[in-house]
Amino acid sequence: MERMCDLIKKILFAVIFATSLVLVPFSSRASQDWEQIYDHIDSMIHTSVEQYASGDLEGSKKTVNDTYYGVYEKDGLEKAIRSTIASKNANLTEYQFSKLKKAIREDQGEASVKSEAETLLTMIKSDVITLENKNVAGGRWASFFTSLLLLLREGMEAILMLVAIIAYLQKSGNTKYMGMVYNYSIGAVVASFITAYIFSELMDKFAAGANQELIEGITGLVAVCVLLSVSIWMSGKSEAREWKKYIENMINHSITSKHARALGIAAFLAVYREGAEVILFYQALFNNSSGDTEMIWFGFGTGCILLLIIFAVIRKGLVRIPLRPFFIVTSLLMFIMAVAFAGGGVSELQEAGIIPQSVIAWEYFPNADWLGLYPTYETVGIQIVILLSGLITHFVRKRRNKNI
């Protein structure tokens, strides 16, 4: 009976998610290609330069923000570049937007502002040409692969988090709490759809972008705190003395509702952090589909199947690991995800204009969205702090247990 309830909840989870993707595109605009989107960006950036030249610094900066949030991001160009070309291109373009705003804010002069604007437009134009060439070369399959890669890239973080939590509950004999994890996950999907609808329909389309980045950034950093606490707790259970105590307790008791709730919150944050963004970007993908909507659905369906396969394979592998090593592996996985979420959360707050961007100039610095690795000192800095904190905690605990 319990397994049947879990199965029903899984099906409900999938149905709600698919329904949310069906409903949002009904509000879509007429289709437009990447060249048209670039033309819109080009026009707005030149307007911003003209506003600056006339002395309207605030108006100029607002126009740049409107261009980024209302066109470059909202119309799906940023996500298409990230998924189809390279994350590095999208990241560098975002930083160039910031450099242009900085030149305006600091009143660096018309020549400097114009130079930053032209650099930005050149970068975007180059990526648009690449996208258009890929669309021509790939035909209708270009829409399929864009849709597939989008779902895989955004879904992997949530899948890894959910499979680790579910595997832990199974291994520790606390399957009664799996319903709580599914409920939190379903709640995250519903919350994602509501958030996406608010950003898409109810809020000013330009202000919505910054607010979306702000929510995603805060959610990511809250998730870091939850993940670190769960990771430290699990890591502690793998120590020899704590392990013996845990096994003795597990014979007579299950985990506390406090720890179960923390796992549920971690699942909620993992799904919610990506959910609204996925829905909004699929909306943009449908808007720019040029009639290839069935290939987008094909890519989405294929992505769902692949994610389910990945979920099943990882879950089966984790469940087969002996219990003590399982705690070590799961703790390490959650710690790595905390580091990734920290970089991603700070990056989102940078895009929202809350945290400054200090770009690392080294050309070969790696970009990896799945690790939250971005070429700014702020994102790398918080990740180094968390890594060092984790190492210090590990060695202090190891030394303490050795002395007992």
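Using N, Cα and C of the backbone, Cβ positions are placed for all residues, glycine too.
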According to TrEMBL, transmembrane segment applies to one of these ranges: 6-22, 380-396. Which one is it?
380-396
Which of 141-169, 181-199, 214-235, 262-283 contacts the transmembrane segment (326-346) most, counting Cβ pairs under 8 Å:
214-235
Sequence-remote contacts (6 or more beyond its ends) of the transmembrane segment (141-169), Cβ cut-off under 8 Å?
79-80, 82-84, 134-135, 175, 177-178, 181, 185, 234, 263, 266-267, 270-271, 273-275, 277-278, 281-282, 285, 289, 292, 295-300, 302-304, 306-307, 310-311, 314-315, 318-319, 326, 330, 333-334, 337, 340, 369-370
Go through 214-235, 262-283, 295-314, 380-396 and flag the stretch with the largest number of C-beta pairs under 8 Å relative to the transmembrane segment (181-199).
262-283
Quickly jot the same-chain residues contacting the transmembrane segment (262-283) by Cβ under 8 Å, restricted to those at least six beyond its ends, or write none.
17, 20-21, 24-25, 27-28, 74, 76, 79, 147, 150-151, 154-155, 157-158, 161-162, 165, 168-169, 177, 180-181, 183-185, 187-189, 191-193, 195-196, 199-200, 212, 215-216, 219-220, 222-223, 226-227, 229-230, 296, 300, 334, 337, 341
